[in-house]
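Over in Swiss-Prot, the protein carries these features:
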TRANSMEM  5-25  transmembrane segment
TRANSMEM  41-61  transmembrane segment
TRANSMEM  74-94  transmembrane segment
TRANSMEM  100-120  transmembrane segment
TRANSMEM  135-155  transmembrane segment
TRANSMEM  180-200  transmembrane segment
TRANSMEM  208-228  transmembrane segment
TRANSMEM  234-254  transmembrane segment
Amino acid sequence: MFSNIIEIIILSIVQGISEFLPISSSAHLNIVEIIFEFNSNSLMIDVSLHLGSLLAIVFYFRRELLDLRNNQKLLSLLIIGSIPIVIAGYVISSTGLVNLLENNLKIIAWTTLIFGIILYLADKSKFDKKISSNLNFKTILYIGLFQILALIPGVSRAGITITAARLFRFNRFDSSKISFLLAIPAIAGASVLQLKNAIGQSFELNYLVLISITLSFLFSYFTVKFFLDYINKFSLNVFVIYRIIISIILFIIIYN
């Protein structure tokens, strides 16, 4: 029991911190599970980890989400931008392709490195477009298509959507805001698919589910708050450097 609680605490903290930073939550969860040899295969725990993050981002942007009732254009843009990841996620989940990508340290190492470099290149330019006057259907669709790459562990959903938004000349804060708003349907869709697969599982671990939702919520919420404050003042270089360090460590583990 105690080991299960420790495992859930670690996974919840990792999920909460890494979900909304451009460092890939799926990669970090895979790495932690492999290194610490966690053996929990409960899909309900996976659902609860994502549910905590989903509740956090919804709570943080609650005013913006309520304002969507009076901003039909932004609502339509978010729907358009979410269609690609919803379709791709369903296809990959239903065909079993997701199993080929999970727990593959080589894939994680290479994607962490490559997409970290791409993030650096996209963030170098001093663009200053704002969502309010420059986000259109074509742009959000392209960003949504980029988001499909996040299905590969190590790419990072936040990282690739921020990268795409920066490539379309949005400033760092608005690029991050686009990323976080697109995260809501993406995480919700992933949770629905996981919940569908979890139907029929035993619910003996309800207390672990409660712990994982609570911790994931708290760490996700404060990570979003920290990141948006940080991105107003600094570049994304620290996350690029972090990704490079992680990829080097993974390459050492793999090839030694």
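Cβ from N, Cα, C; glycine included.
Residues 68, 131, 135-137, 140-141, 143-145, 147-148, 150-151, 178, 181-182, 184-186, 189-190, 193, 197 of the same chain lie 6+ residues outside the transmembrane segment (74-94) yet bring a C-beta within less than 8 angstroms of a C-beta in it.
Beyond its flanks by at least six residues, the transmembrane segment (100-120) meets 22-24, 26-27, 30-31, 33-34, 149, 151-156, 159-160, 162-163, 236-237, 239-240, 243-244, 246-247, 250-251, 253-254 of its own chain at Cβ-Cβ distances under 8 Å.
Tertiary neighbourhood of the transmembrane segment (208-228): same-chain residues 4-5, 8-9, 11-13, 15-17, 19-21, 42, 44-45, 48-53, 55-57, 59-60, 173, 176-177, 180, selected by CB-CB distance under 8 Å and a gap of 6+ residues from either end. Proximity of the transmembrane segment (41-61) to the transmembrane segment (180-200) is established through 3 or more Cβ-Cβ distances under 8 Å for residue pairs spaced 6 or more apart. Here the transmembrane segment (234-254) sits against the transmembrane segment (5-25); at least 3 CB pairs are under 8 Å, leaving out pairs fewer than 6 apart in sequence. Distant neighbours of the transmembrane segment (5-25): 32-33, 36, 38, 40, 45, 49-50, 52-53, 56-57, 108, 111-112, 119, 150, 153-159, 162-163, 180, 183, 187, 208, 211-212, 214-221, 223-224, 227, 236, 239, 242-243, 246; these residues of the same chain sit at least 6 beyond its ends, with a Cβ under 8 Å from one of its Cβ atoms.
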